[in-house]
Structure formats: C-alpha cells, structure tokens
Amino acid sequence: MTTKLEDKHAGNGDLVGEGQPYLGEKYQENGKPVANGRGEISVKQEANGKCGVPRKSLNMYSWQEIQKHNQKADQWLVINRKVYDVTCWANKHPGGSRVLNHYAGEDATDVFRAMHLDLDIVKLYLKPLLIGELAPEEPSQERNKSSQLVEDFRELRRTLEAMNMFKANPAFFFLHFVQVLILETLAWLIVWHFGSGWAVTIFISCLLTISQCQSSYLQHDLGHLSIFTKSKWNHLMQKLMMSHCKGLSTSWWNHRHFQHHVKTNIHPKDPDIDMGALFLLGELQPVKFGKMKIKYIDYEKQHLYFYMVGLPLLMPVYFNLESMKVMCLQRYWEDIAWVSSFYIRHFITFGPFYGIFGTILLIYLVKFLESPWVTYVTQMSHIPMRMSKEENRDWLSAQVLTTCNVEQSIFNDWFTGHLNFQIEHHLFPTMPRHNYHKVAPLVRSLCAKHGLQYVNKPMLEAFGDIVRALKKSAALWMDAYYET
C-alpha cells in the first residue's frame, strides 16, 4: 500500500529507568536491517545499513503482509493497530527473545497489556520500533478471532482497573513475607536449642519446606510485578526470594515462565509441557512418538513414573540442574552471586550443627519434601487441559481452554499461593493474587456469554486428573506404536 503516516520521533528522550540508557539509541547503533517488502525506507537508513533507524514515513499494512514476518530473523507484531518490527530488539527484550518470537506475525495487544506493569515506560522502548499501522479497512485483530469477544474482554479489563483490582494490599504481602522469615528463624532456633538429632532434623525440615513453598509463591508474585508499583523493587525482591531464599536463578525462571504464560500449552512454545523423553503429554506428542516407534521408556506406565520420578525429583534434580546450567552458560553473574548467598547463609546458620556435608543434605532433603507440593500445584491446572500446536486464538480463549481452577477455601488459597485461581492469574498476571476471588465471578460470566467452559474442580480431583491425563496420553501412544 502506498498510504503513509508521518512519524515524528522524539530525540533521545528521558532515561527509560534509573541507571538505564534509552534503548532506542542502542538499538540504532547495533542492529542491521531486514528489508522484506516493508514499504519505503529512507535513503539515509538504506545507505548506512542500520536496523532501527527511525523511518521518515510509515506505511499501512494488511494482516496478510504482517503474517509473513513470523520468523526469528524477521519479526513483526501488532499492538493497538500499530505495527512494530522487533527483529533487532528481541535479544534485548527483558522478558527474553522467545516471548517476542512466539507472537511474531500476530496481534499482541492483549498479551502486551497483560504482561507489563508501567505502559508509559514500555512505550519508550516501542517508539523506535514502529514501522506503520494496520490499514483502515483491516480489523484490529486477525480475522479468525471474534471481535466482540476481544472487545468484551478488554472492557472487562477496563472495569477491573476502575475497581482498583490491580492495586496491591501491602499488609497482605508483608504478612506472607513475615511468615517466611518466622519459619526460617524458628528452624534455626530449634536446632540451636535442641541440637541436631533426627527428630529435630525432620521437624525443622518440615518448617523449611513450608518456608520454601511460600517463598516460591512470593517470588512468583514479584516476577509478575504484582506487589510494588515500581518494577525495580519487584525485581530486587524477587532476587531475594528466588535466588537468596531458594537458591534458583531468577533470570532462568522468568524467561521460562513468561513463555509459559504467553503461549500456554502450545507446542513447542511452552517449555512447561516439554518433558523431553520422560513424559508424553497431551494428544500430539504421544501419537508422534508412537508413529515413529519411539520407546525410550515404557510409556504405558508413565503415570507410575510420575509418582516415582516426577513428584520427588522436580525440585531437587530437574529445576536445580536446569537453573545452574542456564546460569553458567548464559553468565548470569548477578544470579550466581545471589544463589551463592543461599548456600553461604545455610553454611553459616546450619554448618556449626551439621557440618558442610550435613548442611548440603539438609538443603536437598527440604527440596525433596518441597517437590511434590510444588509439582501438584503447578501441574494440576494445565496437564489435564487442552494442548495443541499454534492456533492463534484470542487471549481469553487461549487461557481459558488451557487452564482450570481449583475450588476456593482458606486452606486451598494458602496451600496453592492462590494459584487455585489459575484462570484469573493467566488472564491478568500482574493482578495481586488477593483479588482473584473478587474477579472470578466476572470472568466466569464472560466465559458463559461466549460459550467458553470455565473449569473449576475440587483440589483432590485436580491432583488425580494429572495422573488420568498421563494415562490417556499413554493410551494414545500405545495405539500409535502398536498400529500395524
């Protein structure tokens, strides 16, 4: 199309955040252009061959054109009808490059709003990436999406914002932090007073297990920027809760977890449904393995392996090894320092009673006890739900079809860190968890209006559905494997 928009770029602007350069400048210096039918590019940009130099004119685009730019080396996306080329920016994206790649060629308006706290700051990052907007005759989202459903969901979000549902209650989170502090301190005082006998060790391991799980929930809140109004405080406290209190890499967790949120249960974009060759999940992977006659283990019994391997080893083995591997390979020096402080703190507090080797055993005993708790809570809402390849659904449908809730009670809320409201959490990741129960009836009503099934079940049934889903996937593998 030949219609153009005049782009009036500001100069260098203010700093994006305290101590951070304006990334638009860095982007212009380091990038390289990818010119695949992108309309006119200024003569100056073409001459110096730099990606991200502000264009003098911006074109209007059709969805057909935008959807062509969905590769790692050529990424466009749409936010509020504006078209952005994020190819060169992807590797600098704080949430990881893959999050942007997962939405290349698509409308990212709702996921962009869902995952970011301060839009005014984020828009500074977007400004140098703007290349045009949707043509007037084009709908605001892809044609396979219901415009009425999309608008109803956005109206719901505006309603919730007006109700202050995204405002955190400081006392709520302070009490949860104090809970962790009391449990950690009490465990040390008990050993100091009563010694390090077996009974004491088992008892303090239980206290520390509760502390570890509740720390997981707090770092999860902080990772989603749902406690403090300033992102930097959320990031700092997340490092304290995740890396210092739990001994895991914050950057590793965030980059993995954000992918899970933006493309829940989508092969191969959601890392949480990639269990390698150990477990086959959903319907696609078992059939694929079966037809290819792949049998690394006896998948007929994978539901039993879940009890023997999945539950006890997720935290002490898989998560810890994965975290350490990524930290070292990616050279996350800050995370390495924070994680080191986790082990140093344990050696100082428990080393005099257990010695170095005994303290390491205590740390991993706690992780072993924590693992079933975390595994059940994190898997019960997704493994039994729909898994598929990319379907490019609207935000509401994509989350409701792949996520389920667990019934509310005071115990369930505490035990799961309010992740029993997984649907609300996935729709509104930055919302403080103490507001989920207030929002749930409105979400349920919207789902009913548009014929979406809002799944809410008892906790024990949700636990059992994990195993039933594994057995169902195993049956699909068997049918494909033994098919003549």
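Heads up, the Cβ atoms here are built off N, Cα and C, so glycines get one too.
Annotation comment: TrEMBL describes 1-11 as compositional bias 'Basic and acidic residues'.
Residue counts for the domain 'Cytochrome b5 heme-binding' (58-135) under DSSP, helix first, then strand, then coil, are 31 helix, 22 strand, 25 coil. The domain 'Cytochrome b5 heme-binding' annotation in TrEMBL covers 58-135.
What TrEMBL lists as region 'Disordered' is 1-25.
Non-local neighbours of the transmembrane segment (171-191) in the same chain are 200-201, 203-204, 207-208, 210-211, 214-215, 217-218, 221, 227, 241, 245, 349-350, 353, 432, 434; each lies 6+ residues outside the stretch with a CB under 8 Å from one of its CB atoms. Feature annotation from TrEMBL assigns transmembrane segment to 171-191 (among others).
The annotation transmembrane segment is assigned in TrEMBL to 304-321 (among others).
Per TrEMBL, the feature transmembrane segment maps to 341-366 (among others). For the transmembrane segment (341-366), same-chain residues at least 6 beyond its ends with a Cβ under 8 Å from one of its own Cβ atoms are 188, 191-192, 195-196, 201, 205, 208-209, 212, 243-247, 316.
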Review point. Looking only at the domain 'Cytochrome b5 heme-binding' (58-135), what is the mean pLDDT?
Key: 93
